[in-house]
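Q: Handing you this structure, nothing more for now.
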Ligand SMILES: Cc1ncc(COP(=O)(O)O)c(C=O)c1O
């Protein structure tokens, strides 16, 4: 889609606005499946947490994707979008046995990440096949908050607990049909990933009835021109070779699965904001936009650097700006950024706004959440209305007489 299309969409749907390009999602999906085309049973489970709008889920369903979910609500969204429960994987962390049982009743593939729940679930439901999430203790991933496979991480069953895990399986006679790992997001080094995969292959040998191995995610996407990204093609070649050898050794057909979020939707998303004020101070020029970390928290949470473009004046002379939000705390989207000269009323476009942006938004400062638009077949489709003040009040209960 073109810059002018984005300007037009703000005119039509207002600001701030999230826009997602369906074609870009498809390109990423095809790129991944092509990289693993030599694996007969290859499956992508889109990580719903990245961007959970039902229309986005439907775009991915059309492409042939399954879903990776972490809550019963995400499972329900997937079912609502028309996914077959068998194509949904449920990978919760720290949820109750009751929630896991409810999800299992829906026919969704359960993935358990601790021995306590595994033992209880296996005792109560030995006939329901379960996947286990292994923590290979490999330090991978970008920011510390998204690096989840290391020794101090709360995720997964430690590889060192394998004897106990096997004992539970033996005692309960439960059926382990898959093994899984997710070591973190933004993995830069393919070899680190392959090293973790090796640990998973070793672990897999202990389970005789596996149907699939799920390698989680971790694909790094570029955030600006010439930024580093995971070389998916090279990774596909290397892992495919190793996987096919393992499959032969294992002696039974296996599905190779991934559950990317960011890789599929990050670059498809644009966040459009209007500049309310340009403020010159003694140290910088602030461009204050009609949004804040209530709508896009990643720069404050992870230090993520979203490329920002002034689409009202794309060819303008560049100056240095600090782009900030309207929240009553430090709310910096970008510092000392070169951006084409900004005037009040201009539209700033934040790139890589597809993953973990709207899905992490809140009503902080009692602000409404933005609208979302899907760009499909050359046209913008409203897929979520902008909230109104009624939404802010909706679930509040007023105490009588107060
Ligand atoms: C279990 C699991 N799978 C997949 C993902 C998706 O990761 P990414 O968006 O980096 O592809 C996450 C992200 O937190 C996750 O926790």
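Yeah, the Cβs are placed from backbone N, Cα and C, and that goes for glycine too.
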Q: For the substrate site that TrEMBL lists with 298, 302, 329, give the additional residue from the candidates 321, 356.
A: 356
Q: Which has the fewest other CB atoms in a 10 Å radius around its CB: 302, 356, the listed binding-site residues?
A: 302
Q: Among the recorded positions 298, 328, 329, report those whose Cα falls within 10 Å of that of residue 356 (pyridoxal 5'-phosphate binding site); none is a fine answer.
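A: So the list reads 298.
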Q: Counting other Cβ atoms within 10 Å of each residue's Cβ, which of the recorded positions 49, 218 comes out lowest?
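A: Taking 49, 218 as the recorded positions, the minimal 10 Å Cβ count falls on 49.
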Q: If we check Cα distances from residue 298 (substrate binding site), which of the recorded positions 49, 218, 328 wins as closest?
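A: For residue 298 (substrate binding site), the closest Cα among 49, 218, 328 is found at 49.
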Q: Round to the nearest Å and give the CA-to-CA distance linking residue 49 (N6-(pyridoxal phosphate)lysine) with residue 329 (substrate binding site).
A: 26
